[in-house]
Amino acid sequence: MPAHEDRWVSSFVFLLFCASSIPVWGSVGLLQEPSPQSYFSSLEAGRASLAFFTPHVSPGAQPFLEQIESSAQALQDYGISVVKVNCPKEDISRYCGKDNVLRKAYLFRGNILIREFPTDALFDVNSIVANVLFALLFNEVKYVQTLADLQNIENALKGKSNMVFAYVPATGTAEHRAVMEAAFVYGTIHQFVLTTEAALLESTGNDDPDVSSAWLLFCHCQRATDPAQPCRRTALGQPLTLLNIHRHLKLMGAPLVTEVAEDPEKVSTVHLQLGLPLVFILSQKDTYEADRRTAEFVAWQLLGKAGVALLSRDLVDLNVLHRSNVALKTPDEGLPIQYLALEDTDEVITLVEDKNKVKQIQEEEEEEEEEDEKENNNQDIQDDQVVEAVSRDKKRELPLEQILVLTEDTFHSSLSEAARTVVLFYASWEAVSLAVLRSYSEVADHLKGTPGVLLSRVNCWDWPGICSQENVTQFPTIKIYGKGEQSVTYDGMWGTEELTSFIILSRFSCPLRLATRDEAEGYLRGEFPSELSSYHHTSLLGVFSSATSEAQEAFEEAGNILSGHVRMGMYFEDDALALSHKYSVSPPALLLARNRGRSVEGISLSKQSVQDMVQMIRYELLDIFPEITVQNLPQYLQLTKPFLILFSDGAISQMESQEMLKLAKGRPQQTFVACWLNL
């Protein structure tokens, strides 16, 4: 509906309400005609009038006369005149006959009789106005008695117009009058449907309706697209009065979600004007579609209780915490807008329905900030890296410009843009995800300009469908997608160094096939391939001959499992035997090169199964006398052996290292893990 028409309707109803509130004294507005002939000759085409015929002397009719005279002014507001027609004593026509005089009232449009009313049905002003309007608005207000009738009307309206469904316990009541007066104004905009059948009210979805009270439901049939689904319904939560109905219809006619790009303090909507709060969902370009869906979901839940607006952070400079995702503006003048960080839509809805919730959330946030300040003052670096990252970074915006944001529309197309696409699946509300997101941003900085590698991220809070489709069941998860290959899931530590190493190693085949003896020797020295020369990984080279194809196949399968975690090469040319003899082993064998080839250890491959080979490779890559760190502790715990730990306040001396190495090498491998820990 155009804005100027909406304003006209609003003004009309307001004036109508005010006019109907003016007390009426005497017979203001009541017209009198001396005879039926005079009355019928004065009727104008299209104009409605309510007439009652009475003799000059009418004993016992005083109560009816008082009520109908009192209704004259109210009906006049709707262009309906109330006429008292005097019947001469000698007139025995239809309207002045003794059977009809003061027993019936007649509603005419022009000279056409619309309805006869028994005078006992017109017992007060409300009943008179309600019944007269009900008769005149027979096209605008449908009366239904069965559920089938209601469903037929609803189905006919889907995709075209909305429906206002009202239940009143009885006709002629104040509530019935309010519905009719609203239909007089809004009947050309919405289809009004009325019933007095309690069973119909129960069928509209109300669990335990109070059938002794009137109800009004706004049915959003214009938005309905599925013929099999009922129209959404929004109940009027206040008593059924003309002013409340007008207010409800104004709210239903407002946009479901208002998009704003200005200072929230300057924003004004119909909700604020009608005394309701306005909820802002803070959005940004990368998550616009998801934020829009969230705003629409919240708006449906709060329809009639609060307005919902989508506020873009990219267009408005807000001086608030980055983690704030919701703002609440109340209609009370002088109260500042409250910016809050809420975890789910239920909290947003509770925020509106429970006025004490805002104060409670603010108190919790203030307490949390005070605790954070105390923790930061008492401890420069916390032991738990996750706690440290979250507590320090929650107020700081991370540099994520180099990480592509993926949505449902761009996910699959982006996987084909680069040879390797790295995807971080995370949840924006989850602590570990926020910590990993910082490491991931540092990885993006380290790998900036690396050809063939694209770093991206998917917020599973915004795009749950993608995460479900990719079998992401925990947060965070990192997967690497290669063209024409199965995705590889990262299962290591979340530090920047470990993530970077995994992504770099994943660029190359595992195992990497080496074509010449020079390539194999360069591989053991850490010089080949050249892209890995700056990374200090232990090199593992499998050497095979034509007679060891079974071990070679198991080695290749093991490489697929260990891809991204281990630098593995494979050599099976004609001179493979000579290469292995150089290191005192025969094919099939492993050559383990540490310290860029300065120390190469030859290990015979006696185990042929894939799992045994994976376990052996992982074991051989472990140091004999390691320093236990957060990063490598899980690897040594997987050995399920007791630990013999040398505790040291700082680095250990060369003598201590040598003695512990002798102890570790002098015992069978299965006995214990000899290690040291820097306190």
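The backbone N, Cα and C atoms fix where each Cβ goes, and this holds for glycine too.
Database features, via TrEMBL:
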{"type": "SIGNAL", "residues": "1-26", "note": "signal peptide"}
{"type": "DOMAIN", "residues": "31-133", "note": "domain 'TXNDC16 N-terminal'"}
{"type": "DOMAIN", "residues": "134-255", "note": "domain 'TXNDC16 second thioredoxin-like'"}
{"type": "DOMAIN", "residues": "256-347", "note": "domain 'TXNDC16 third thioredoxin-like'"}
{"type": "REGION", "residues": "359-384", "note": "region 'Disordered'"}
{"type": "COMPBIAS", "residues": "363-374", "note": "compositional bias 'Acidic residues'"}
{"type": "DOMAIN", "residues": "403-503", "note": "domain 'Thioredoxin'"}
For the domain 'TXNDC16 second thioredoxin-like' (134-255), what are the DSSP-based totals of helix, strand and coil residues?
44 helix, 23 strand, 55 coil
Over the span of the domain 'TXNDC16 N-terminal' (31-133), count residues by DSSP class, listing helix, strand and coil in order.
34 helix, 32 strand, 37 coil
Counts by DSSP class (helix H/G/I, strand E/B, coil) across the domain 'TXNDC16 third thioredoxin-like' (256-347):
27 helix, 22 strand, 43 coil
Please count the residues of the domain 'Thioredoxin' (403-503) that DSSP assigns to helix (H, G, I), strand (E, B) and coil.
34 helix, 24 strand, 43 coil
